[in-house]
């Protein structure tokens, strides 16, 4: 019996010893979201959890995040060359969105009220911002993006020219683990 316990402990130790923050080795297939790492990446009021990611979990087509915004907090004004889907789990806020166009800058955004159980999508390269406009409750969203890891272009304001937008790649949650080596898609 003691020998079996020793073997189990040794196997567990080696499996977790190989695992790192940037590796899926040792990660169980089923995980508790509340036990996954959360980070704000220097942005006050943000809590970001990568549930399934390109860099951390070797996802090739999609990435899934859980993000929580404290009252008054928001994303930067930005765009990216991928589709993005939001599901609002709790709280309320405002989506600011300018459709992709051939103009030189984003222009005045349309405003959309977002609320629990609402969903919306952001088309490729549409400039947008999500803002928790609630006074007392966090805004929590489940986010799915295509074509990870995402290249984000950030704007200082809605009148900033597209050509002046600042590229952020790899994005904050991919910085530590991103490697420039290409991954093979075939078996």
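Numbering starts at 1 and runs along the chain as displayed.
Just so you know, glycine gets a Cβ as well, placed from its N, Cα and C.
Listed in TrEMBL:
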- 1-19: signal peptide (SIGNAL)
- 22-177: disulfide bond (DISULFID)
- 78, 80, 84, 128: Zn(2+) binding site (BINDING)
- 117: N-linked glycosylation site (CARBOHYD)
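Residue 84 (Zn(2+) binding site) is surrounded by 21 other CB atoms, counting those within 10 A of its CB over all protein chains shown. For residue 78 (Zn(2+) binding site), the number of other Cβ atoms no farther than 10 Å from its own Cβ, over all displayed protein chains, is 20. Taking CA atoms as the reference points, residue 128 (Zn(2+) binding site) and residue 117 (N-linked glycosylation site) are 20 Å apart. A 10 Å cutoff on Cβ-Cβ distances gives residue 80 (Zn(2+) binding site) a total of 23 other Cβ atoms nearby, all chains included. Within 10 Å of the C-beta of residue 128 (Zn(2+) binding site) we count 23 further C-beta atoms, all protein chains included. Apart from 78, 80, 84, 128, the residues listed for Zn(2+), the same chain places the Cβ atoms of 75, 79, 82, 122, 126, 127, 152 within 8 Å of the centroid of those Cβ atoms.
Counting only same-chain residues six or more apart in sequence, the Cβ atoms lying under 8 angstroms from the Cβ of residue 117 (N-linked glycosylation site) belong to 88.
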